[in-house]
Amino acid sequence: MVKQTIQIFARLKPTKKQTAEYFVDCEEQSGSLEFVVPRDLADGVINNKRENYKFRFQKVFDQTASQEEIFEAIAKPVADNVLAGYNGTIFAYGQTGSGKTFTITGGAENYNDRGIIPRTLSYLYQHFSKDSSMIYTTHISYLEIYNETGYDLLNPQHEASRLEDLPKVTIMEDPDQNIHLKNLSLQQSTNEEEALDLLFLGDTNRMIAETPMNQASTRSHCIFTIHLCSKELGSAMVRCSKLHLVDLAGSERVGKTGVGGQILTEAKYINLSLHYLEQVIIALSEKNRSHIPYRNSMMTSVLRDSLGGNCMTTMIAAVSVEKRNTGESISTCRFAQRVALIKNDALLNEELDPALLIVRLKKEIQSLKEELALVTGEQRSDKLTQEEIQQLEEQIDVYLEDPDSEVTLNLGPDMRKIHFCFSLLKVRVREGSCAQNGMSKDSTPLMSVSDEEQRKSYAEVQKLRDMLTHRDNEISVLVNLLKKEKKKFQDVTSQLPLLYPSTNQSSMSATTKQMEESAKYNPSNIYTHAEQLMTRKRVLELSVSQQEAFEVFLRDHEDRLSIENNRAVLQQRFVEAKTLGDQVNQIRIRVNELKTNLKIRRKQMAAQGLAGHLTASESDSVEERILNQIEDEKKNYKIKSGCLKGLKTEIEHLQLLHEKLKVKLQMDFENWWTQEGARLKCHSAENTGSSQSHVSPLSCILTRALPPAECSFSSIPLTGDKQTDDDIEAFIRDRHNLLNGTASCGGIP
Ligand code: ADP
Ligand code: MG
C-alpha cells in the first residue's frame, strides 16, 4: 500500500491582456505562486499597503509551458502507476476559460496541442507494444455529468443532437457500498487508433449536444476513464487499474456572473457539486472525521475512490492571471491548498483470474491422483467397481458376525472404501432397528428373510441411493447452467452497469467479468459510428443560396484560418508520408536485390570452391561487403518505418481535429442561419413595403433563401480544396497497404 497526499500543480494560461502582479517560483521539488493585490478599503480610499497571497504547489507551470512538459511532469508518473496496477486520477479545476479542457483534452487546431488524454493513450499503447511479457486489455468510458445527471458520451447506438438524447447514467450502491454506474458503456480499444476514435466520438457528442444558448461543456464535468487489465503470460494473477482524466465544470461563483433562469439553475448545480466536492475535501482533511459526504452529488460519488480512497490523485489548478480574474485565481489556489492535505491509500489491484485458477487446481488434482496411485499401487477411478463392492460387503459381513469385539476392519488408505463401509453399516443398523420395531408391531419375524436376500436388498437399496445422488447432481448442474444462460441473456439485453468499487479487492472479479462481457461489443461498430458522426452532416446538399451564405459566413469565421492551416499541414504530412513510404519500398527492393546477389555469389563460390580455384579470404570479403550493405539497409529501414508510423499517428490525429473543426463550423453556421433568418423575418414584418437598400449582401442572400422552419443543415461543403481532402482520405484508406508494404519487409534477413 502506498500512502500519498494528492499532488497539486498549477498551470497559468497564456494571455496578452493585462495581468495581475504575480510571481512564480520554481525549484526542483516544489514551486510557489504569489499574487500581490492592492488592498481595497471599504471607504474607497486606496491604501498603499498591499496584500500578498502565496500558494505552494508541487510545481507551477508558467504561461510558456508546453503540452509536452505538462504530460511529462504530471501525467506520465500517474500513467506509470496505472501500468503498475494502481488507480490514478488527474483532475483539472479552475474558472471557465482558464485552460482545463486545453490541458486535459487539448486544443482543436494543432497536433502539438494534444492534451493529456491523447498523449497518455499514446504512451500506454507504446508501452504495451514494447512489453511482450504481459497481456494488456484496455476499455474506455466517457461520462458527462450535467445538472446532476450522468450521460454516456460513448454510446454508439445514439446519435445525439441534444445532451438529453444520450443514455442517462445512474448511480447504484451495493450493500458493500461499492458504486456501480448503470448504463455507462465500457468500450474495448485494442490500439491507439481505436482509443482516439472513442475520445473523438465522445468529444463530438459533447460538442453537438451544446448550442450557443446552452454551453453545457463549461458547466458540466467530464470523466474520461481508461480501464486497464494486465496479466503476465501464463500467470493466474490479473492486475486491474483505472485512470480517470477529469475536466471539471468552471469553478466561477454564480453571484458574480449575474445570470438568471436556466443558466442560474445550472450554475446552482455546478456550484453545488463543486461545493460538495469541497465539503468532501474538507471532511477528508480533518482527522477523526468518520462520515465523508460522498453521496451528496453524483461527481463526488463517482470520484469516491479518487478522493481519499484507493487512488493516486493529481490536481491541476488552471489559473488565468488576467487582472480581472485575480479573485477567481486566488480562490482556485486556495482550493488546491485544501486538496493537498488529503492523503490517499493506493492499493495494488491484484487478483487471481478464476478461469486460470480452475485450470491450475484441476492440474493439481490430477498430479495428486497420480502420486496417490504411485504410493498405493492402484489406479483409482471415482467409483468403486462392482467387484470391490462385493468384496467390501463380504468383509462387513465377516466383521459383523465375528463375536470378537477386538476385531478390526482393514480397508487400506482408500476413502471411497471407508465411506462405502460406513454407509453400509448405517443401512444395516437401521434395518436392524426396523426389524426390531417390526417385530413389536405386527410380530412378523423379519429374521425369517434369509441373509442372502437381505444382503441383496441392501445392495439394491444402495444402488438406488447412488443413482438418486447421481441424478440429484445432474439436476443441480443443469439448473446452474440454466441460471447462467438466463443471466447472460439479461446482461446482454440490459445495458451493462459499470462498476466503480470503492474497495477494490472485494469487487475486482466483478469488474473483470464485466469487462469480458462488454468486450462482446464489436469495436468496429464504434469506429463506424464515429465515421458516421463525422459524415452525417454531409449527406444532403445545400441550396445555391445557402452555399453563397455559407461562403460569406466562412470568410469571417474565427476558425477559418485554423481549418486552412490544418488542411495545409495535413497536405504536407501526406506528401511526407508518401515520400517516406516510397523510400521504405525502395529499401525493400534494394534488400531483395542484395539477397539475390548474395545467393548467386554463394552458388558461384561453391562451384569455384569445388574446382579449387579460389582462396577463402577472397570469398569472405565480397560476401562480407554484401552482408554489410544489407545490414545498413536494414538499419535505414528501421528508422524510416519508425518515422512513417509516427507520421501515420499524426495524420490520423490531424484528421480527427479537422473533422471536429468542421462539425463545429457547421453547427455555428446552423445557429447563425436560424438566428439571421428569424431576425430578417421580424425585420421584414416591421418594414413591409419599405426598400431593402440598407440590407447587407449577406442579408440579401438570406432573404432569397429563408430556410423553411424545419430546414436541416445536414450538409456543408467544407472541402475548399477537394483534391487535398480526397488525397488525404485516399491516404488514410491506403495507409494499411502502405504499412503492410513495409510490414512485408519482415522477410529481410
Ligand atoms: P476551460 O476548459 O477552462 O473553460 P479552455 O481549455 O477551453 O478553458 O481554454 C479557453 C481558451 O484558451 C481555448 O481557446 C484554449 O484553446 C485556450 N488555451 C487555454 N490554455 C491554453 C494554453 N496553455 N496555450 C494556448 N491556448 C490555451
Ligand atoms: Mg472546458
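Note: Cβ is positioned from N, Cα and C throughout, glycine not excepted.
Quick look at what TrEMBL lists:
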{"type": "BINDING", "residues": "Gly94, Gln95, Thr96, Gly97, Ser98, Gly99, Lys100, Thr101", "note": "ATP binding site"}
{"type": "COILED", "residues": "358-402", "note": "coiled coil"}
{"type": "DOMAIN", "residues": "5-342", "note": "domain 'Kinesin motor'"}
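Feature annotations (TrEMBL) mapped to structure.
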residue: Gly94; record: ATP binding site; Cβ contacts under 8 Å, 6 or more apart: Lys100, Gly250, Ser251, Ala317, Ala318, Val319, Ser320, Glu328, Thr332
residue: Gln95; record: ATP binding site; Cβ contacts under 8 Å, 6 or more apart: Gly250, Ser251, Glu252, Ala318, Ser320, Asn325, Glu328, Ser329, Thr332
residue: Ser98; record: ATP binding site; Cβ contacts under 8 Å, 6 or more apart: Lys13, Gly250, Ala318, Val319, Ser320, Asn325, Glu328, Ser329, Thr332
residue: Gly99; record: ATP binding site; Cβ contacts under 8 Å, 6 or more apart: Arg11, Lys13, Ala92, Ala318, Ser320
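With a 10 A radius on its CB, Thr96 (ATP binding site) counts 19 other CB atoms from all the protein chains. In the structure shown, the C-beta of Lys100 has more C-beta neighbours within 10 angstroms than that of any other entry among the binding-site residues Gly97, Lys100, Thr101. With respect to ligand 2, the binding-site residues Thr96, Gly99, Lys100, Thr101 contribute Lys100, Thr101 as residues with a C-beta closer than 6 angstroms to one of its atoms, given in sequence order.
When pLDDT values are averaged over the coiled coil (358-402), the model yields 82. Only Thr96, Ser98, Gly99, of the binding-site residues Gln95, Thr96, Ser98, Gly99, place a Cβ under 6 Å from an atom of ligand 1.
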